[in-house]
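Features of the protein shown, as given by TrEMBL:
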DOMAIN    B:17-52  domain 'ChsH2 rubredoxin-like zinc ribbon'
DOMAIN    B:56-113  domain 'ChsH2 C-terminal OB-fold'
Amino acid sequence: MAFISGVGNTRYGKIDGSTTMSLAAAAAQAAMADAGLKPQDIDGLLTGYATTMPHIMLATVIAERLGVQPAYAHALQAGGATGVAMAMLAKILVDGGRCRAVLIVAAENRASGQSRDQAIQTLAQAGHPDYEVPYGATIPAYYGLLAARYMHQFGVTDEDLAELAVVMRRHAGRHPDAHLRTPITAAEVMASKPIALPLRLLDCCPVSDGGIAAIITREPTAAARVRIRGAGQAHLHQHISCARDWAAMGAKASADRAFADAGMRTADIDYLAVYDSFTITLAMLLEEIGFVRRAGAGEAARAGRFDVDGDLPLNTHGGLLSFGHCGVGGGLAHLVETQRQLAGRADGRQVKDATVGFVHGDGGVMSSHVSMVLERV
Amino acid sequence: MTEATNVSADPIARDWWAGIAEGRIGYEACTDCGAAQFYPRGHCTACGSAKVAMRTAAGTGTIFSITVVHRPPSAALQPFAPYAIALVDLDEGVRMMAHADPSLAIGARVRATVAPFGDRAVPRFVAAA
């Protein structure tokens, strides 16, 4: 079995003077302390990428910085799905007997380490360099295209999307490490400045600095008893121009593989952690996977179903939309919050009796999907 | 404006953009299985054949989705903002990204024009009527 035996994170936001390495080290040390492990106990290390620190072998840079000498180490790249993909590979390594304790860590000084224009241009390269980027496309523009079509096809409204931003902000207000904690209203979301219509500023996640880590072990090493019960992936396209079926972008295919791997179904889930780079991302993923009906995410938010005391508590750390987005660490934060919820360590935002959690990461433009079922044992 | 032939290291993309500068929208058709595809790749993704031919689209189609960009990725593109990026389903059965008249709605019938943007001339779709 693969247990998430320790987690740790820095605060998310603009952290002047931070570097990718300082954030990675702080998060990794916190996770090792939480798991009750020392650097010499770690025999696997997985990381992602950092746009502010391009490097051909980031995993060993981090290992050396920490004093870890792993038997298995390299970086992964699956965009926003990288964090969950790292956890999935860690489970494979632990279940296969190759490693006993795998450190997964993601960090980037994405907000303070570059200009806003640099961040936007780097991320826009998720689009096709010859047939998309030359049109002045940005990540918000790709998701703006998703939003316009999805809203048209299924009857989702601007207010439906705004409600999701409101819930994420409310959750973030209960997490001391969140980037954006001031409450917002749906009216404020819908009146915020246009970015790539129909998406407005408050439909978009912020760019943050931050670091986060988790330790996946073969045996429990600390009081937390949360295991990875199953995982799955799906990758149907890279570029939004090439997505064929907009009602089946790969989220459900990925989730179904994770549920089959875990021997569970959506009805068994009592905590949700779903990627939310934009409000439309969250709506599409929740609806395609089937946690709510088509065009039903907004009404579920309005009804309080995603609240801490709702029947589908969702992203109680505030998600990418309000906890913050520092790249790979943005998506890994969903997994870390799920571990804390299932372990009963979520303090003032603790969900009562959370025992089975579902985590979903989305990379690119609904391009790479990785899903995972976690369980308190 | 940069010459369209300098816009990419990929010879297929260079040829495609050179065609745009002359008002031609290219797409690929497989000479073995007949499948049409966009973007051009030099091989067929439907059957795997290496025998694909570049064809010229009629330039007519339907808006599949459209977004109006108010926050461009660079200061150099700021003078063009706001601009609309659309996914257009061409009548030949392929989908492409392009610029479009920001007033167009999903489902609108459109025809291609060419308009300056950034370092080159880009396809820009306007109402067909």
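Backbone N, Cα and C atoms are what each Cβ position is placed from, and that goes for glycine too.
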Helix, strand and coil counts within the domain 'ChsH2 C-terminal OB-fold' (B:56-113) (DSSP): 6 helix, 30 strand, 22 coil
Counts of helix, strand and coil residues, the domain 'ChsH2 rubredoxin-like zinc ribbon' (B:17-52), according to DSSP: 5 helix, 8 strand, 23 coil
Confidence summary for the domain 'ChsH2 rubredoxin-like zinc ribbon' (B:17-52), mean pLDDT rounded: 97
